[in-house]
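Asker: Annotations per TrEMBL:
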type: DOMAIN; residues: 1-176; note: domain 'Josephin'
type: ACT_SITE; residues: Cys11; note: active site
type: ACT_SITE; residues: His113; note: active site
type: ACT_SITE; residues: Asp128; note: active site
Amino acid sequence: MYHEKQQRELCALHALNNLFQDKSSFSKSQLDQICQNLSPNEYINPHRSILGLGNYDVNVIIAALHMKDCEAIWFDKRKDPSRIDTSKIVGFILNVPSNYKVGFVKLPIQRRHWIAIRQINKEYWNLDSKLDAPQCLGDESSMLQYLREQLQSNDKELFVICTGEVDKSQQWLLPDNEQR
């Protein structure tokens, strides 16, 4: 199992590489180039940290996913995650608040953190780059319960990652009467 650990503010890069289980899926220079392409005439790029250390926004993740013919679908948290047909998706990216620290000192700055979740060998895994090792969430039922708990918080967002073809036909979403 591939698991990139947190370096600087590169959690979006780590989440993408962890999602695709390949350290060469994306590089910092590729994500920086995406930022440049999204805002070519901006002196201070709005899609990443002012210092250029990472902290990429969702637009960068979406553009990177398009390079792999994938889509990030914002999941409406008013719906139950059991509406997702997990057999049709690549995985999930969860966006959560994160405290900003310098060493051991917690600063009163709120940042966002990207986390990949996906199935590997019939079990679902939290591939958060801030964890020392991937966290096994268990079977589909356990993973869906984990997502329900995460989505109870107003400041967390879930993106369903699937191929472009699955997105176009909305195969990732089960009909209302077919929840798991």
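Just so you know, the numbers here start at 1 and follow the chain as drawn.
Each Cβ is built from the backbone N, Cα and C atoms, and glycine gets one as well.
Map the listed features onto the structure and describe their local environment.
Answerer: Here the Cβ of Cys11 (active site) has 27 other Cβ atoms within 10 Å, regardless of which shown protein chain they belong to.
A simple way to gauge crowding: the CB of His113 (active site) has 21 other CB atoms within 10 angstroms, across all the protein chains here.
A sphere of 10 angstroms centred on the C-beta of Asp128 (active site) encloses 23 other C-beta atoms.
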